[in-house]
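Colleague: Pasting the relevant annotations from Swiss-Prot:
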| type | residues | note |
| --- | --- | --- |
| REGION | 1-21 | region 'Disordered' |
| REGION | 122-145 | region 'Disordered' |
| CROSSLNK | LYS136 | SUMO2 cross-link |
| CROSSLNK | LYS142 | SUMO2 cross-link |
Amino acid sequence: MKFNPFVTSDRSKNRKRHFNAPSHVRRKIMSSPLSKELRQKYNVRSMPIRKDDEVQVVRGHYKGQQIGKVVQVYRKKYVIYIERVQREKANGTTVHVGIHPSKVVITRLKLDKDRKKILERKAKSRQVGKEKGKYKEELIEKMQE
């Protein structure tokens, strides 16, 4: 059910917006979930992927246990290139295989001050969401009296 009249649910319009999206919007679209350990640590579910993050492929032909570093984030093609995810071309040269960020899990973040700020902001908003709509014990006790 559609609630907002200003947001379209037309498939062709959504595809058009996806494939014609500017770079700053593509950054948000190219987000990856965090591993269970990082999710526990930072209380954040996903982050936009960036070069030098360590990731593990969890879907597709290249899924497996090896963890590789992100070599390049190619926003134009909506793919990332990972250290050990390569294939051999017919002429013998090896090339990186593009993988969509939603098909990987971030196992180690490359942190700088801006990224730390983003993590803090996301964790704070999640904390507010958990508290929302819950009665405090003092209020319940007062109501029962």
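Glycine too: its Cβ is placed from the backbone N, Cα and C atoms.
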Colleague: Looking only at the region 'Disordered' (122-145), what are its DSSP counts of helix, strand and coil residues?
Modeller: 18 helix, 0 strand, 6 coil
Colleague: In whole Å, note down how far the CA of LYS136 (SUMO2 cross-link) lies from the CA of LYS142 (SUMO2 cross-link).
Modeller: 10
Colleague: When DSSP states are grouped into helix, strand and coil, how many residues of the region 'Disordered' (1-21) land in each?
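Modeller: Split by secondary structure, the region 'Disordered' (1-21) comes out as 9 helix, 0 strand, 12 coil.
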Colleague: Same-chain residues six or more away whose CB lies under 8 A from the CB of LYS136 (SUMO2 cross-link)?
Modeller: none
Colleague: What is the total of other Cβ atoms whose distance to the Cβ of LYS142 (SUMO2 cross-link) is within 10 Å?
Modeller: 9
